[in-house]
Amino acid sequence: MSTTTEQRAPGRARPWMDLRVLGPIIALIVLIVVGALMNPNFLSYANITNVLARSAFIGIIAVGMTFVITAGGLDLSVGSMAAFIAGLMIMVMNAALPGLGGGLAVILLGIVAALVAGLAAGWINGFLITTMRIEAFIVTLGTMGIYRSLVTWLADGGTLSLDFGLRTALQPLYYGGLFGVSWPIITFAVVAIIGEIVMRRTAFGRYCAAIGSNDTVARYSSVNVGRIRLLTYVGLGLLVGVATIMYVPRLGSASAATGVLWELEAIAAVIIGGTMLKGGFGRVWGSVVGVLILGLIGNILNLTDAVSPYLNGAIQGVIIVLAVILQREGKAGT
Amino acid sequence: MKHLKYTAAALALLAGPALAQDTMVIGVSIPAATHGWAGGMNFHAQQAIDRLEEVYPELDFVLATASDPAKQVSDIEDMVATRGISALVVLPFESEPLTGPVASVADQGVWITVVDRGLSQEGIEDLYVAGDNPGFGRVSGEYMVDMMPDGGDIVVLRGIPTTIDNERVEGFEAAIEGSGINVLGMEHGNWNRDDSFTVMQDFLSRYPEIDAVWASDDDMAVGVLAAIEAAGREDIQFVLGGAGMKEMIQRVADGDSMVPADVTYPPAMIATAIEMTAVGMTSSTPVSGEMIIGSVLVTQENADGYYFPDSPF
């Protein structure tokens, strides 16, 4: 279970045989084949775009989470944060509606509000973790409770709803798109590609891995550990804001039930994708595959009667564990 | 002599609050507002308490909201230990974990009113106030039959897997039996908008022709309606929710053809329970027993009577 040897595939294993890389992809392909066999509509354009669009929220967050976990951190607050930002965005837009009219200005204001709130929330997490030196688990457990309570309080225990006219104006953000591909899918793809490049090709990505691997060594190698860690949380906060911008137009509402367990879904996706939970190694494209696996499981279970719906959670659990076992077998052989 | 008198009076005054026997405390323990219905229930509990404190100066209320069963048990223990409650109105988070703690409170001679979710052991509570879950399903099913006398294909969204959900679905199935209404599929939407949006999208992919949807809850109906709208499907004639969310009641009142009706499961039943408990504590009016609040079909004709604009739900 050493983290340092993890990054280099064992020399004797040929790269295309490396189960650690192939594990999640195999799981994904198996799910697609199973889905296609179970229901002819599975591969239909409408179903594929549905699954991709609904996976986009967790997907965008999972990309940010990959960096946080790679740098040896954790963020449990993202689901509550998304709910809080969604509530805030709705309130800002409703409040600005009389002054700005129902046009582009209000939508832009809402988008800016969500991004700023995301940045601020991420910065608070990062500041408490790096500067105040509190365990990431504890800080984000705390902020998780805080944001969840705040959104419940803002909504007075009920639901915050976007003004009906505004909802119609905002809807294209989720349902519209370019060339038949909806905005959430495009955004998810762009975020994933940028994330992959940053992780693989930039000093920032390498610093994250170095810090997660051994932060003392990283510090001696003149890496600004605190700053890089802070940046991973700020980046994640920003991406939560981006995900929320896409979430709000879907149903035009936010409540205490918004984004429940998103943090665990994002973390599960990251780990299924091959990132080490204790840090030191991260794979952004793996997280994307992980998100798609989770999204497809739910979709397939809804498309078939083969399994009692009571067992949906069990099936999900089994597949998550299997996907991770596939990767670990590669390591056991080394 | 006079001096002594004053001292005695002062002492009596100091001791006053501690000795006052005539103020009775009623504890109210309910789940926190984690979803729409619970939010409405919290609202009505607060409203009822505010109103009753005015009406009965001799009553004092202590309200606690819990986000999980363990917290609720602690709340109840605190109420007994620190406030010396004479009556407890409890809407159990879950039946099993709350049964023991509530039973031990009952053993101390405290009046117990249980709301909505029954305890798993009978005979603990003095008063039981609840909604009619089988009735909720039955009324919904009967409405479906009325709307589709020649039968049709429907999909059903269920809530969180619980006894409540099972009773509703059984009531519904019994009501549509033999009517020619065919349930294509049932999945759990967990009384959640996002989950039901996802489930409905998948139902739409799976079945090219659906005549109606029993969403069985208004939060789920919101998700279902959004999914249908996004898919642009014209085959679905209507969606039947339930519980009586104000936005949905509004749509019923406006004659929205996609939302022609709603079935109540009023969160205000907590107010009924608190009110009856207060009456029982302050008068000789007998209030022990069971009180089942029926589920009513809300249509355009009677929708105004079920619209509460101030409630969050």
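Placed from the backbone N, Cα and C atoms, the Cβ positions cover glycine too.
Taken verbatim from TrEMBL:
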type	residues	note
TRANSMEM	A:21-39	transmembrane segment
TRANSMEM	A:51-69	transmembrane segment
TRANSMEM	A:76-97	transmembrane segment
TRANSMEM	A:103-124	transmembrane segment
TRANSMEM	A:136-155	transmembrane segment
TRANSMEM	A:175-198	transmembrane segment
TRANSMEM	A:230-248	transmembrane segment
TRANSMEM	A:260-277	transmembrane segment
TRANSMEM	A:284-301	transmembrane segment
TRANSMEM	A:307-326	transmembrane segment
Ask   = Do the transmembrane segment (A:284-301) and the transmembrane segment (A:136-155) come together with 3 or more C-beta pairs under 8 Å, pairs six or more apart in sequence?
value = no
Message = Given a Cβ distance threshold of under 8 angstroms, which distant residues of the chain, six or more beyond its ends, lie next to the transmembrane segment (A:136-155)?
response = 68, 73-77, 79-81, 83-84, 86-88, 91, 121, 124-125, 128-129, 254-256, 258, 263
Ask   = Which of A:76-97, A:175-198, A:230-248, A:260-277, A:307-326 has the most Cβ pairs closer than 8 Å to the transmembrane segment (A:21-39)?
value = A:307-326
Query = Quick one: do the transmembrane segment (A:260-277) and the transmembrane segment (A:51-69) reach 3+ CB pairs under 8 Å, ignoring pairs fewer than 6 apart in sequence?
reply = yes
Note = Tertiary contacts of the transmembrane segment (A:76-97), defined by C-beta under 8 angstroms and 6+ residue spacing from its ends, are 57, 61, 65, 105-107, 109-110, 113-114, 117-118, 121, 125, 137, 140-141, 143-148, 150-151, 154-155, 160-163, 166, 170, 236-237, 240-241, 243-245, 247-248, 252-256, 258-264, 266
Remark   = Between the transmembrane segment (A:175-198) and the stretches A:51-69, A:230-248, A:307-326, the largest tally of CB pairs under 8 Å belongs to A:51-69
